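Look at TrEMBL and you will find 23-47, 59-82, 88-114, 135-157, 177-203, 224-248, 268-291 tagged as transmembrane segment. Among the features that TrEMBL reports, domain 'G-protein coupled receptors family 1 profile' is placed at 38-283.
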Amino acid sequence: MTNATFNTTAQPGALPPLPGAKLGLTVLSLAFILGFPGNIFVVWSALWRVQKRTITCLLILHLALADCAVLLTSPFFLRLLSAGKWEFGSVVCQLCHYVCGVSMYASISLITLMSLDRCLAVTKPFISQKIRTAMVVRSLVLAIWMVSFLLAVPVIFYRKLVLRGRHLLCDLSHPTIGHLVFHNLFETLTGFVLPFAAIIWSYCVIGRRLQETRFRRKRRTNRLIVLIVAAFALFWLPFHVVNILDVVGALSHSKGLIVAGKMARPTLTALAFFSSSVNPILYAFTGGALIKSAGIGFMAKLFEGTASEMSSTRIGTGRTIQRREEAKLEMVQDGNPESITLSTNPLE
């Protein structure tokens, strides 16, 4: 994750070494305490309790693995915030931030794939049923991880140990303003703007399709995915806003924007960490009604339930289309000359 500054020259007394450290410690500690056990429980449920692993379950499993990976770096950052300096060397510095970068890209890519999967299931149910196989999804998940490893590579080149005052910090060191602009914009565009554009498009299409078919039953899976998307946006949007502020500040040479970014970033970075801990809470909230009947296995029941919901979505949408086609055919057979012009929608 980015802690972007262009000027890495030590300026004693200009700013506190780690502004917002106390709040960052609180948020990051809470994220680790809640998130790590929660995500381990999700992984355990998906691997050993689910009898029939659905596509959504597989994506949630990998999302939990990505969250676990980033939360494993929390102790290093907690020590950084409490001591006010980095004590673990250059390699660990680069590795921790690289893991965070990979997790960010993998998480948003998996969430985007969930949204596109729902879109395909609602708008093209028969095509979805044919291509929505375990082999296809595993290939897509593998591709997501490989692309995430590549997209996070810039963190390694820009992350270095930097002397600030009397202490070393694991910070970004951009040799020029151009490098800072490229890195921040690249991270925000690929890690937030473009994926969320695809997500918003998917749900616009889903909403329009459900209005056309009048298939409006509330689905637990739909609600769960929407909550996951909303939580990621809530916790990551401020982080990327600061990325843009850093770019604007560097290009305009505005000390006020640069200082504001410095002051806000530690807390917002900890808030972004918290996004990795909130998903198990969302699963518990969505599947809360299953706790009484399934006990500790409620998470597995929630994941297994996504299969029947996906099937019923395809069946429900498919039957609506089939009924419309049968109605048109009956009108043609009855000799109604207006029947041919009833619809020009290729989805109907």
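Using the three backbone atoms N, Cα and C, a Cβ is placed for every residue, glycine included.
Fair warning: this is a prediction, and the values are worked out from it, not measured in the lab.
If one looks beyond the transmembrane segment (177-203) by at least 6 residues along the same chain, the residues whose Cβ comes under 8 Å of a Cβ in the stretch are 2, 4-6, 101, 104-105, 108-109, 111-112, 115-116, 118-119, 151, 154, 158, 226, 229, 233, 236-237, 240, 243-244, 246-247, 250-251. Panel annotation: around the transmembrane segment (23-47), residues 53, 57-58, 60-61, 64-65, 67-68, 71-72, 74-75, 77-78, 81-82, 266-267, 269-271, 273-274, 276-281, 283, 297, 299-300, 303 of the same chain, lying at least six beyond its termini, place a Cβ under 8 Å from a Cβ of the stretch. Here the transmembrane segment (135-157) has Cβ contacts under 8 Å with residues 1-2, 55, 58-59, 62, 94, 97-98, 100-106, 109-110, 113, 183, 186-187, 190-191 of the same chain, all six or more residues outside its ends. Remote same-chain partners of the transmembrane segment (59-82), defined as residues 6 or more beyond its termini with a Cβ less than 8 Å from a stretch Cβ, comprise 18, 21, 24-25, 28-29, 31-32, 35-36, 39-40, 42-43, 46-47, 53, 88, 92, 96, 99-100, 102-104, 106-107, 110-111, 113-114, 117, 137, 141, 144-145, 169-170, 228, 266, 270, 273, 276-277, 279-280, 283, 303.
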